[in-house]
Amino acid sequence: MKTNCEFPLLCLLIVLVANVEGEVEDNELKMVKRLWRNWEDPEQRQLLDQEAEQEKQREKRLWRNWEDLELRQLLNEFAENQREKRLWRNWERRQVANEDDGEKPKELWRNWEDLKRRQVVDLNDEQKTTG
């Protein structure tokens, strides 16, 4: 029989004291005696120890899972903060770039016009030399 009595001597003492005072029925005393016999039995004690060890391992695993979850949440919050900072910096850079945009398009347009003029001149020069 599997039991969860981790301290059989304490269980036995409580029942014996209660029995002396006449507060324990025979069924309870039989149960404690059975617990004690199970505890004295090496195989039964080994099973109880294994169950206790499995429960400890389960608790450790649950704790690690909880810690992992907490860590993941912290990392996600950190990543989100970093993403927000990066988006903000990019937005600020675009604002600064947009302030300069008044001259940039004009300069780009002038460069494009110059390029087209040079292409026309080069084309005319080619036609003169071949023609």
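A Cβ is built for glycine as well, from the same backbone N, Cα and C atoms used for every other residue.
Swiss-Prot lists Gln95 with the feature pyrrolidone carboxylic acid, giving similarity to another entry as the kind of evidence. Of all Cβ atoms in the protein chains displayed, 9 besides its own lie within 10 Å of the Cβ of Gln95 (pyrrolidone carboxylic acid). In the three-state DSSP scheme, Gln95 (pyrrolidone carboxylic acid) falls into the helix class.
The repeat 'RLWRNWE 1' annotation in Swiss-Prot covers 34-40.
Per-residue pLDDT, averaged over the repeat 'RLWRNWE 2' (61-67), rounds to 90. The repeat 'RLWRNWE 2' annotation in Swiss-Prot covers 61-67 and rests on a curator's inference.
According to Swiss-Prot, the feature repeat 'RLWRNWE 3' maps to 86-92.
Residues or ranges marked as repeat 'RLWRNWE 4' in Swiss-Prot (evidence: a curator's inference): 107-113. Note on the repeat 'RLWRNWE 4' (107-113): none of the residues of its chain located 6 or more positions outside it place their CB under 8 angstroms from a CB of the stretch.
Sequence annotations record features per position, and here Swiss-Prot assigns signal peptide to 1-22 based on sequence analysis.
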